[in-house]
Amino acid sequence: MSHVAAPRASFAPSLPATLIILLLFITGGLFSAATGGRSDVGLTDLWHPTGLARDVVFEIRLPRMGAAACLGINLGLAGLALQALTRNPLASPAILGINQGAAFGVTLSLILPGVLPFSIEVTATLGALMAGLLTFAISGGFSGKMEPTRLILGGIAVGALSFALVRFAFTLEDELARSVVRWTVGDISDIRWRETSKLACFAGVGFAATMLMATKFNIMALGQDSAKGLGLDPRLTLFLGAGLAAGLTGVSVAAAGPIAFAGLVVPHLARPLAGHDHRLLVPVTALLGAGLLMIADGLSKTLTAPIETPIGVVAALLGAPFFLWQTLRSKDLL
């Protein structure tokens, strides 16, 4: 099992770290807002938008930019929580099957409209929670003997099963499959203020909940035996953390589809800037996640312009090499 360093005492970010985070956030916001498919509205139009430019900026690009930021916050914090609970640097919603479980929950809502008594966000969260708990159970997490190899392999198996069920369900509904094909790879091109406002509310609640659990994450980083000695119930903390990660992932998948690797990469980028104290890691991870997903949104609109590339594809292109590198350097895990 990998060793997680003890939380460092300092609770204040350094000036260089603060400047890097702010620069990334501003760059991501401007890049996301100033780019956009077939429209010729550019950076200069952001300051004095009129007519068509105003509609493009305020009704399409700004809500989309806000959605990308909220998705980055949600997925980054979900990944941070999972890595803290499992003490595994490869843990993330996509790797542990939570993304795919949420996608299956959304699929059930779409193919059974009016049958399930829950909103699409709730069914996505329930699907994510069931997948996460199943992965933890397979790895031995609730027995106090979580094995890193079984955690990753169990997550891959749960994710594969969940997504196979998604594809099977879509074969039963051809029209539905054609209408949501972009959603299955992560897409925010059709998001407007209504969806963004929902995501913002969930991101705010999720951030507050993660901050409340930050001290527990610090204790869990010492190992389950040490956590017990310090008076913490590891099983309860694991269940609460899984619920938090499932909620953050579920609402994100419901809005934009499964976006892979964001939850894996962002916490790793935050640690060199914030250290291992989760009281500082949480806000730094949230800001980095928002900035990175806004940059990914800008890239999704420019890589193959005027045709847009789904943001989930861009996130996978950026995150997959990082996952491979992290796997190769973590030889004690697999």
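Cβ from N, Cα, C; glycine included.
In TrEMBL, the feature transmembrane segment is placed on 236-260, out of the ranges 11-35, 236-260. Sequence-remote contacts of a segment are chain residues at least 6 beyond its ends whose Cβ falls under 8 Å from one of its Cβ atoms, and for the transmembrane segment (236-260) they are 67, 70-71, 74-75, 77-79, 81-82, 84-85, 93-94, 98-103, 105-106, 120-122, 124-129, 131-133, 136, 141-142, 180, 182-188, 191, 195, 198-199, 202, 206, 209-210, 213, 216-217, 220, 227, 293, 310-312, 315-316, 319-320. In summary, the transmembrane segment (197-215) does not lie against the transmembrane segment (94-112): fewer than three C-beta pairs, each 6 or more positions apart in sequence, are under 8 Å. For the transmembrane segment (311-328), same-chain residues at least 6 beyond its ends with a Cβ under 8 Å from one of its own Cβ atoms are 68, 89-90, 95, 185-188, 256-262, 264-265, 268, 293, 296-297, 299-300, 303, 334.
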